[in-house]
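To keep things clear, I will list the structure first and then write my remarks on it.
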Ligand SMILES: Nc1ncnc2c1ncn2[C@@H]1O[C@H](COP(=O)(O)OP(=O)(O)OP(=O)(O)O)[C@@H](O)[C@H]1O
């Protein structure tokens, strides 16, 4: 069969190809000609971006003077001969410099870095190789570059970031399997630092990053929070959605924004009570002191100091401090009053609602019961055959949320067994402080952190979990006892500045909350003069 000729539009290709070549050459020529403009444009964009960042990082109170300086600079440039022209030339030069192509440095690992990565790869082989895998990702003497897709080292040559792939068969949904891999990575990447592990189960990838230390230089201060919010401490940037401005370590240091762990209390809170656990000296008393000082800004505070060490004595006689107890008798009487006060509030709120009236103000006024080391008092009560103080906490714990009564408890691990069931059941805001194992953290918070606990931690360092939220790293603000000789003058002044002015009469109690005003109430309210009071 004779071949039919192609349509002329398809057979006549030469003019088309020529047209394409011409267009390509023209585009290449144009990009060469306009290249400097592209560079300057890119540079201007970068300069504007940097300027914006700088502006948002400038504290609000400094923006006015900064703006003034800029305007004055521009005005003086306009007055200088050739000033605007020189300024334009300088700007273009700066933009050209900022917009230049930055070739990524050749980041192949050095010999020692490659050695570390290879060692890490080999250490993972027993955990990530599976018999019968036709193309194993992890195999002795295998190719580590196929498994580790991204890596970074710090200036000391230690691994600071690693993105590694793992086989699909790996049981990444099981906590023990994940923990084993994390342990290996931790051991091989260097102890003494904290690591964050992000398991991407969909992509079968694990990202390891070294976490920067949390700030330990934040002292007690008036934090910018709404009523009902308490700052427990500070955490990693990105772990929470907000930041609060804080003053620096010394009076001269500039304020900065840091991400806080904010605990919400009151009728709308789902975590109305707090339990903090830790080893001796881990900073649980400091946390309660910090909570008490913040609570005093909007409510009344009752302190029970089971350790009896007098670390809350500085609160005595301050308006809003209803009492500071450390003896068993005083504690029992105080907690009995607190239970009845909770009931009174509930009844009054109910009556008001039934009558279609607003809940009275004295019912809304938050009441805080702060108890340090209740297990000691429980032990003492059992020895003396008296009532367990923790039993009296049941009512505030069960009904406190509706009655604006908040309980914050701190205990050491050793005494945790003596914590009563209501304390365990109703304290949904949890903190664990000090050097801890992942098992300890899990036992207290109900979940393991995504980070490895460091061996050495400063006091006040730990983890917090609010309800069923994520486990957050936590650093409690330094809130030492101002009466302690070891406290620095800066910290002493910081704590004292937060205390309401001492009233004329020591330990005067607001009428609405004064238990002695209750004729049925059978104990003399302790105002700091009774022998059992701190
Ligand atoms: N967040 C913190 N920042 C700085 N120092 C802290 C912090 N928390 C605690 N400290 C210091 O650590 C020491 C122990 O703190 P704290 O008394 O609060 O611990 P604790 O857990 O109550 O232990 P203990 O029951 O043995 O007293 C104190 O010297 C305190 O000043």
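We count from 1, first residue shown onward.
Note that Cβ sites are derived from N, Cα and C of the backbone, with glycine treated the same way.
The structure displayed is predicted, hence computed values, not measured ones.
A sphere of 10 angstroms centred on the C-beta of residue 278 (ATP binding site) encloses 26 other C-beta atoms. Positions annotated as ATP binding site by TrEMBL: 278, 279, 280, 281, 282, 283, 284, 285.
Annotated compositional bias 'Low complexity' per TrEMBL: 510-520, in sequence order.
Taken from TrEMBL, the feature domain 'FtsK' covers 258-442.
TrEMBL lists 509-534 with the feature region 'Disordered'.
Residues annotated as transmembrane segment in TrEMBL: 66-97.
Counting Cβ atoms from all protein chains shown, residue 285 (ATP binding site) has 22 others lying within 10 Å of its own Cβ. Checking the binding-site residues 279, 284, 285 against ligand 1, the ones whose Cβ sits under 6 Å from it are 284, 285. Neighbour list (residue 282 (ATP binding site), Cβ cut-off 8 Å, at least 6 residues apart, same chain): 433, 434, 435, 459, 460, 462. All protein chains included, residue 283 (ATP binding site) registers 29 other Cβ atoms within 10 Å of its own Cβ. Annotated ATP site 278, 279, 280, 281, 282, 283, 284, 285; additional same-chain residues within 8 Å of its Cβ mean position, judged by their own Cβ, are 412, 433, 434, 459. Within 10 Å of the C-beta of residue 280 (ATP binding site) there are 10 other C-beta atoms, taking all protein chains into account. All chains included, 16 other C-beta atoms sit within 10 angstroms of the C-beta of residue 279 (ATP binding site).
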